[in-house]
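Undergrad: This structure is in structure tokens; I'll ask about it shortly.
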Amino acid sequence: MSSKTDAKKSENGSSPTDGEYPHWMSFKPGDDQVQPIKLQVKGTIPTWVKGSLFRNGSGLFEINNKKVNHVFDGFAVLLRFTIQDGGVMFQSHLLDSETWEKCYKANRIVVDQFASNALPDPCKSIFSRIFSLFQPPERTDNTAVNIVERGDELWAFTETPKMNRVDPKTLSKSGQNDLTDYLAVHLSTAHPHLEPDGTLYNLATCFNYTKAFNIVKIPPNSNGNLSWDQMEVVGSFPSRWKGTMGYNHSFGMAENFFVVLEQPYAFSVLRLLFKKLVNYTVNDCIVAYPQEKTLFNVMTKSGVHLKTKYMSDPLFVFHFINCYEKNKQLVVDFVFYDDVGFVDKLYMEHYKDYKYKETDSKPKFGRFVLPLDVSKVMVGKNLVTLDIKATATLQEDGSVYLTPDLIIEEGLFMELPQINYQHYNSKEYRYVYASTIFSKYNKIHKLDLKERKVITYTSDGEEFDYFPGEPIFVPKPGGKREDEGVLLAPIMSNIAGLASYLVIIDAETMKELARAVLPADVMMTLTFHGTFSTTKL
């Protein structure tokens with residue numbers, strides 16, 4: 001556990017009053033720290049930690065004094081922490097996406113976001129407004145979810161097919177690519193998987209149900225950058241429903257397989273078609289089917305969709321953690337919710353008294369085991385032979401019913417999970433690191449899957465003073481142990497005048513090694529995901 005804050009809120013920050021939003025929601029154009037500044041470092045950063053942590057997320061939440069409707073609607077703000085010789089430099093930049101430029105020029109939302117629709121142009125005639133209802137909505141390029149390094153390039157991702165290339169020095173947009181220039185798709189995840197050879201895989205969704213889910217492969221060129229013109233679809237499979245396609249924020253990848261969920265939370269094609277006429281938001285077009293099971297789809301890396309239907313009780317997943325194969329069984333780990341209530345709790349209205357209102361559906365770890373060969377087994381028998389408490393039972397109709405191993409039986413509030421991805425993605429592994437963001441807990445967890453225990457780092461302050469962000473694992477060069485490295489996690493202040501900081505944690509002991517503190521008047525915006533580059537200094 002970290003030490004208590006050096007100065008109390010009464011000295012460094014003022015407690016919010018009722019009706020006030022958290023401080024990180026008050027970011028405005030011009031608040032970004034375009035020129036790098038040196039941060040105050042407390043403690044000692046290991047000398048081998050050398051590189052840049054890039055982070056991405058919803059940072060700007062209002063335009064023309066009007067708040068967007070949902071946390072997922074904020075405009076992208078990119079952060080960079082450059083670590084070298086024990087020092088840390090910080091900069092931030094409001095991403096100059098086409099969506100932001102259009103909205104800023106019009107002084108209102110003009111491109112639909114997740115839960116905030118474009119506002120009508122007050123200068124247009126009634127006829128023009130009616131005519132615009134029959135035009136297809138523009139896809140946002142507000143890439144505010146993830147940032148990925150390939151070769152010497154950085155790419156900012158969201159869930160549309162548009163990706164923005166980012167200049168690592170200025171954090172400004174330097175180019176764009178759109179999957180729809182190459183493929184007939186409508187969505188793609190913000191969480192591609194990366195192979196050691198530089199290949200990128202992603203899941204793209206098409207609203208033609210016969211080819212709803214597509215695994216896309218983009219190989220590297222000789223410089224390690226993505227060869228967009230060499231993009232190909234590895235394989236496709238249909239939606240189990242003709243009129244809806246399951247929502248996916250991420251997917252799983254093992255050494256020889258991909259895992260794609262069809263959750264009972266799906267895009268309604270009918271609602272999307274009439275979205276503008278009825279004034280539905282994107283979120284309004286996602287329909288819940290709580291009586292339906294969750295379907296686990298498995299595809300080989302050669303593009304063969306396995307016929308076995310793996311089913312579980314209904315659940316909702318944002319983030320896969322890892323998948324690996326062992327003894328002809330596929331182990332699938334992710335963070336899941338019992339329902340989709342968590343998404344609704346991220347509407348801005350739930351932040352007005354500054355303290356986030358928690359939902360009954362809390363994120364928790366789940367480990368599922370999928371037997372790959374069910375050709376000669378008995379109905380009703382648990383097919384899991386690994387030392388895991390998950391079950392997989394063959395049903396009369398040939399499907400396999402799955403129940404998870406929670407590892408921590410009472411459940412553990414955890415989101416934004418990370419692992420030692422460089423060395424253990426698609427392999428059997430032991431440790432998961434995660435945050436308690438969007439809760440009162442102020443913690444970074446380390447979950448030991450072998451010993452079934454948790455070690456926790458707790459940030460400074462009282463409940464709701466800070467939101468700890470995603471912990472990025474940085475392996476020690478030449479390290480032998482899976483947890484030999486550090487975690488880099490942003491600790492974001494909810495209170496004006498209370499300084500945010502980047503914490504450097506020993507990943508083995510979960511003890512704080514150092515922190516790089518931002519000036520109290522420099523804002524650390526909300527970020528969802530990030531990447532650490534050892535080559536960009």
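Cβ atoms are placed via backbone N, Cα and C, with glycine included.
Copying in the features that TrEMBL gives for the protein in this structure:
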- 1-11: compositional bias 'Basic and acidic residues' (COMPBIAS)
- 1-26: region 'Disordered' (REGION)
- H191, H249, H319, H529: Fe cation binding site (BINDING)
Undergrad: Setting H191, H249, H319, H529 aside, what same-chain residues sit with their Cβ within 8 Å of the center of the Cβ atoms that define the Fe cation site, listed in sequence order?
TA: V145, N146, T189, A190, S250, F318, F320, F528
Undergrad: Within 10 Å of the Cβ of H249 (Fe cation binding site), how many other Cβ atoms can be counted across all chains shown?
TA: 17
Undergrad: In which DSSP state, out of helix, strand and coil, do we find H529 (Fe cation binding site)?
TA: strand
Undergrad: Under a criterion of Cβ-Cβ distance under 8 Å and sequence separation of at least 6, what residues of the same chain contact H529 (Fe cation binding site)?
TA: R55, N56, G57, V145, N146, I147, A190, H191, L416, E470
Undergrad: Sequence gap of 6 or more, Cβ distance under 8 Å: name the residues on the same chain that satisfy this around H319 (Fe cation binding site), in order along the sequence.
TA: H191, H249, S250, F334, V335, E415, L416, P417
